[in-house]
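Written below as structure tokens is the structure these notes are about.
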Amino acid sequence: MVSSVLSIPPQTCLLPRLPISDSVNCKSKIVYCLSTSVRGSSVKRQSTARTRSFTETNRRTPSVQSKHEFWEDPDDGSDSENEYEGEEEDGIGNDLDNESDWEDDSRVQKLTTTDNYEEELAKEVEQLLEPEERVILQQNEKPNLKMISTKSWKPLQTLALSMQIQLMDNLIENGLDIDDVDKDNQTALHKAIIGKKEAVISHLLRKGANPHLQDRDGAAPIHYAVQVGALQTVKLLFKYNVDVNVADNEGWTPLHIAVQSRNRDITKILLTNGADKTRRTKDGKLALDLALCFGRDFKSYDLVKLLKIMPTGDI
């Protein structure tokens, strides 16, 4: 507790006046409050007067600077907390810097470890090989396309289905035709679409794969995209100006396949991009005929309505 001794002239006021110090730095001005309280409610009257100096004493903690004679707020620890916060922020920054350095060191160490492993693996494998096997390996510094390919099993098609994009690029860079076909006259793009490998599809198209080539049955990549329900692939193929009305050997267009698979979204996309509703298959079927053949159910009605009311090329 802080004790104070204050001398008040008796003629000034009948009620005791309590000194209220300014919370920051009051010099020699004291604000007095004349207060009366009735059950917790008070009426305060403020007045300012200049009085003589008073002396504050505190046996445990001095809180008065005697030279300037003013109240001093007790230390609430706020400055210390701010200092700690600053230290913590500095610590966080240092930790981030250290972590970044650690990541760089770790990355370099990982690359070094990988290089060392590859060298050790090469030495180990060459020791395991028979002399004639070692000769074959030494003769094929680049991929031997004839040795790794048959008419049924083409390396590019296999890698497309297994999503080995880097190895695909390696073969293409070493002379393999990106549109190389297998016994079914299907390219790697055909296979990727059938397997719904969207990343491979995009990569092959960017590398120059032909999206118009038809396989042994006359099916183009868009036929297979519609068949497997790959809506995003269908949209992507339209960006490469594929023929929406291309027909296979039996006269089936992508629209016929979309209705057969009862895929409303793809049917609508095809119609939006100019699919011809009047095109017939070689046995005379319209896309509408295929929709009616499924009987009376919701999807049939939905497709029939779409085919009846939506003009070709409507957006």
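Count begins at 1; order follows the chain as displayed.
Each residue, glycine too, has its Cβ placed from N, Cα and C.
According to Swiss-Prot, the compositional bias 'Polar residues' annotation covers 44-65.
Look at Swiss-Prot and you will find 72-104 tagged as compositional bias 'Acidic residues'.
What Swiss-Prot records for 44-106 is region 'Disordered'.
Taken from Swiss-Prot, the feature repeat 'ANK 1' applies to 151-180. The average pLDDT computed over the repeat 'ANK 1' (151-180) stands at 94.
Annotation comment: Swiss-Prot describes 184-213 as repeat 'ANK 2'. The DSSP breakdown of the repeat 'ANK 2' (184-213) into helical (H, G, I), extended (E, B) and coil residues amounts to 16 helix, 0 strand, 14 coil.
Positions annotated as repeat 'ANK 3' by Swiss-Prot: 217-246.
Listed by sequence, the residues of this chain that lie at least six past the ends of the repeat 'ANK 4' (250-279) yet keep a Cβ under 8 A from its Cβ atoms are 218, 222-223, 225-227, 229, 231, 234-235, 238, 244, 285-288, 290-291, 294, 299-300, 302-303, 306-307, 310-315. Residues or ranges marked as repeat 'ANK 4' in Swiss-Prot: 250-279.
Taking Cβ pairs closer than 8 Å, the repeat 'ANK 5' (283-307) reaches residues 250-251, 253, 255-256, 258-260, 262, 264, 267-268, 271, 277 in its own chain, all 6 or more past its ends. Residues annotated as repeat 'ANK 5' in Swiss-Prot: 283-307.
Among the features that Swiss-Prot reports, transit peptide is placed at 1-39.
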